[in-house]
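Here's what TrEMBL has on this protein:
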- 172-325: domain 'PD-(D/E)XK endonuclease-like' (DOMAIN)
- ASP243: active site (ACT_SITE)
- ASP256: active site (ACT_SITE)
- LYS258: active site (ACT_SITE)
Amino acid sequence: MQFLQILSRKPGSLEVLFQIPFCQKQFPYMCLSTSACVYSKKKRGNSYDQVDQEKYKNLVHSVISYKTSTQTPETILEEDNLLYGPPAKHTPPIKAGTRTPKNWVPLINPSKRILPVSSDSKVPMKIRLQRTKMPSVTRILQQTLSPQQVFYLERWKQKMIEELGKEGFEEYTKNLFLQGELFHSALESIFLSEETAARDQGEDDVVAGYLSSVERVLEDISEVKALESGVHHETLQYLGLVDCVAKYQGQLCVIDWKTSEKPKPFLQNTYDNPLQVAAYIGALNHDANYDFQVRCGLVVVAYKDGSPAHPHFMDPDLCSQYWNKWLLRLEEYMDKN
């Protein structure tokens, strides 16, 4: 039995179903039936019923009673106290970097007399470092390493000993020190106009890669004033050996040459080297042997494989920041000794 069903449905009205037979011979009549269509939605619970209305009565009243906002900082504070309670009084901890030295000495010597530059003084200064009881910059930094620095340094040392053995590690550190000395000697020869001899010597030895690495940096260096020269701070009583004092891109700098097998593209990758440069700048400015003062620094990281060196320039503001950090390390050393 087949039927054609026509369905007419309207929301909220009766549903009427007409059944029209295909075959009039078998069913000579038409049937009409009705049914009710009811739509209903499940009632949802009101989440506001669970709110403590008494607690928020004043807040709700203040919101709905005015067409324009009458809130002031005082009323906002009252509402915050009502919702979240009074603010907790908490003093943030003081970071170590924000401490100020007890005995602060300026980086630039205000009482130093600056002599006019002589046209004949083209030979870089090289003052011999006097061996006295004064501690060196290197010694002070080594004995005031933070616990975190000591941890990472010891972990690196143990890792290298596992790979190379104790004797192999000693040989490795000895070679690194020797390479640094040869690199500094080659640079000194270059600055003393012995460029050809130095580069010929460096072609076949261990410093060839380092010299290739700093070629572009050397193009920006001029007017060398000091090479491997000793400095000492007359007031703070410490000394050091400056690698180079020269102009870098027109700015007079204390330059520190560093060698590395790993890339160090950022200044923070050089660890305590910026503090070392700042210490040398302060010592030079307070050393009577030098008739000039320096306000900038430069850390140059050269690579053994000849990759372009990373020059990290330190402007006067940055040097002042590291100078304050150096003074704190110096005070720590003096307290320990």
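Every residue gets a Cβ built from N, Cα and C, even glycine.
The local packing around LYS258 (active site), expressed as other Cβ atoms within 10 Å of its Cβ over all shown chains, amounts to 19. Its Cβ taken as reference, ASP256 (active site) is surrounded by 21 other Cβ atoms within 10 Å in the chains shown. Non-local neighbourhood of ASP243 (active site): HIS184, LEU187, LEU227, GLU228, ILE255, ASP256, TRP257, each in the same chain, at least six residues away, with C-beta under 8 Å from its C-beta.
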